[in-house]
């Protein structure tokens, strides 16, 4: 195979944003007639790499060769002209226009300066015929299912570009039958000799369609391997960065008498988000949630905290059922929630560190009972020193703090409300090593002081380190609950990698 | 101690206000003279405070709405509705307290209507309040049955617009009292913080337990109430309710006052004191243009030009330029100083 010149070759590409490296010296090679899956968790650098290839970003270093020639796409349109087309998860076509108009938007066949509708429709039919799609091209795109819209988007991209096709999570909103239909199209394009980059979080689909897999993690290339013969467990460990090894675990005295659960979920679920699940969380217990991105981890936390409303099941707090219809209701029960996306869901950027720390407590007290300035300052100073928040001044707007310090401020915000149940969604993502260790210590400390915690994390080693119990989610279902000696990254990865019917945790 | 901070934060507005007042004095030499006649203060400055009452009141409510990242286009129309309600109540023989209560109640309902569209139905504020802006004058015309409803024989209501108390015109007393009340409530309670937080990041605020919907509802209600007071003053001033012209375009002046006062249309940090200064700047402009005796057709253009200049001076780009200029001068000064030092 060494003789074949690769269709697309990325060599030593790096990209940094404001000094933070997003991609470091990454190589990626796509052959003609290949479906190449690009895998990695959030922040691995997948989308940065794709955006460099498709011209949305400029690379800082390295080169991109298309059929051996270096290319420097200025923007997405430029990349399309060079032969690189992209189809995103959310179809970005205009659903109120007809199928034919969507296929030829911006490049309509002209006659006497006007769009030649008959010619456009004729050509559209011809194009879609090659995909085995016989639909009315004069009907608005909105009349068709997402899968067909997806195929139209692909047809447009292929017709314009025709060399490299990037599919960015194309199957995320499709059902099994529609995925099959989409894959038939992908196979056909592969047979035609196109190079296809396929991004998906569904490992089953990757195994079904891809020839080669490239795994990125933390902006670095981990490996490029053929799919045939690749062990699932090995793939998951490549993505998550954990080897099968013995873990450092918090020693939990097994003789501790089991108290009544503080929070219990019974059949809690929401259609399309999370399948119904049962879970008990006791005081002095950390329950970990593991699973790949999109497995329903965050969605579960959102149901518990009343951000999304469950359409089945109940939540009981200390034995009493509670209708969790809003975050306020949850907070009134002594719940607290540190969200995954600090920027949009957590910090109030222009407010000071002090105001952000007292914020949830003040909201709980209501506007009529303000905390005095001196109370606010005392609270802020206490948490700034207790959590070692690095800021020059408590009056500094929080948006100027580093990610780790913002996270500590958010933890302080909730600790100030003195919660009995704390939910943490990816508490250590995107923060520096020092703050990382401090937050883990804090989790253990809070737990020992009798708080109940629910922690979602992609860092399995961490999760194993502090959890009393771990539940594993896959494809929006709880597939395993690990307790005692079963708690290990090994078991978690096996549960994530297991496929078919309800997975057995080894 | 608190006053100097306010002065320091509002320096640009104070400078602009001073410049415009000085220009007025140049145009009309007697501008700063104040005299007492019949136990009442008279003079152009008092006139600015008096004529500025409606915009000032609207700007108070508008500031809070804009701080939540919203906008209230309906306040001018609400003034017309409330003026019509007040006029028809007083002419149907209701007492002054009943008339005022009815007028304020109608303003509150208008505000709650806007608030419900924004907070409960999540309609964009500019569209939500546009509805009442358009419908409002129609409603006012229905109330007055298409005529200008006058109440020349009702001195008690006229007093609200042109009477005086402690030598000051009533409208001035009313807006100053309401402004002080608003500032106290917003800054002494946690309301100011929660309003700013919603404007900066509504989702994060809701997730932290802020009752965003109720607070949004409340700020639009306050805006409606402020417009109601302004509407009563405007009607009392002309001794009648003019559904077509009462409060016409005043929503734009109010928005402008807020922006000149230094509150961003993007929401978040706000300053009521700044907005009050903004309102005074606008009224000084209006009075100055009148005093200057330009042909009336130039008024709006001159006003627009001066406002443009104010906004350019306040824009982030020129602020940065000013800061650079100042920094350069300082380094030059330091250099000269050190040279002198060396020479010695």
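Positions of Cβ are set from backbone N, Cα and C atoms, glycine also.
Residues or ranges marked as transmembrane segment in TrEMBL: B:12-32 (among others). Note on the transmembrane segment (B:12-32): residues 43-45, 260-262, 274, 277-278, 280-281, 284-285, 287-288, 291-292, 306, 310, 313-314 of its chain, located 6 or more positions outside it, place their CB under 8 angstroms from a CB of the stretch.
Cβ atoms under 8 Å from those of the transmembrane segment (B:52-68) belong to residues 75-76, 79, 111, 125, 171-172, 174-175, 178-179, 182, 186, 195-196, 198-199, 202, 215-216, 219-220, 222-227, 229-230, 233-234, 247, 250-251, 253-255, 257-258, 261, 263-265, 267-272, 275-276, 278-280, 282-283 of the same chain, restricted to positions at least 6 beyond its ends. Summarising the annotation, TrEMBL assigns transmembrane segment to B:52-68 (among others).
Annotated transmembrane segment per TrEMBL: B:75-94 (among others), in sequence order. Counting same-chain residues at least six beyond the ends of the transmembrane segment (B:75-94), those with a Cβ under 8 angstroms from any Cβ of the stretch are 54, 58, 61-62, 100, 102-104, 106-107, 110-111, 132-137, 139-141, 143-144, 149-151, 154, 156-157, 223-224, 226-228, 230-232, 234-236, 240-244, 246-252, 254.
Sequence annotations record features per position, and here TrEMBL assigns transmembrane segment to B:100-121 (among others).
Sequence annotations record features per position, and here TrEMBL assigns transmembrane segment to B:128-152 (among others). For the transmembrane segment (B:128-152), same-chain residues at least 6 beyond its ends with a Cβ under 8 Å from one of its own Cβ atoms are 71-74, 76-78, 80-81, 83-85, 87-88, 90-91, 110, 113-114, 117-118, 121, 158, 220, 239-244, 246, 251.
Residues or ranges marked as transmembrane segment by TrEMBL: B:172-194 (among others).
Residues 53-55, 57-58, 60-62, 64-65, 67-68, 70, 72, 74-76, 78-84, 86-87, 100, 103-104, 106-116, 118-120, 129, 157-162, 170-171, 174, 178, 182, 191, 194-195, 198, 246-247, 250 of the same chain sit 6 or more residues outside the transmembrane segment (B:214-236) yet have a Cβ under 8 Å from a Cβ within it. Per TrEMBL, transmembrane segment is recorded for B:214-236 (among others).
Nonlocal intrachain contacts for the transmembrane segment (B:248-266), taken as residues 6+ away from its ends with a CB within less than 8 angstroms of a stretch CB, comprise 9-10, 12-13, 16, 54-56, 58-59, 61-63, 66-67, 69, 71-77, 79-80, 133, 199, 230, 273-279, 281-282, 307, 310-311, 314. The transmembrane segment annotation in TrEMBL covers B:248-266 (among others).
According to TrEMBL, the feature transmembrane segment maps to B:273-294 (among others).
Annotation source TrEMBL lists transmembrane segment at B:300-317 (among others). Nonlocal intrachain contacts for the transmembrane segment (B:300-317), taken as residues 6+ away from its ends with a CB within less than 8 angstroms of a stretch CB, comprise 12, 16, 20, 256, 259-260, 262, 281-282, 285-286, 289, 294.
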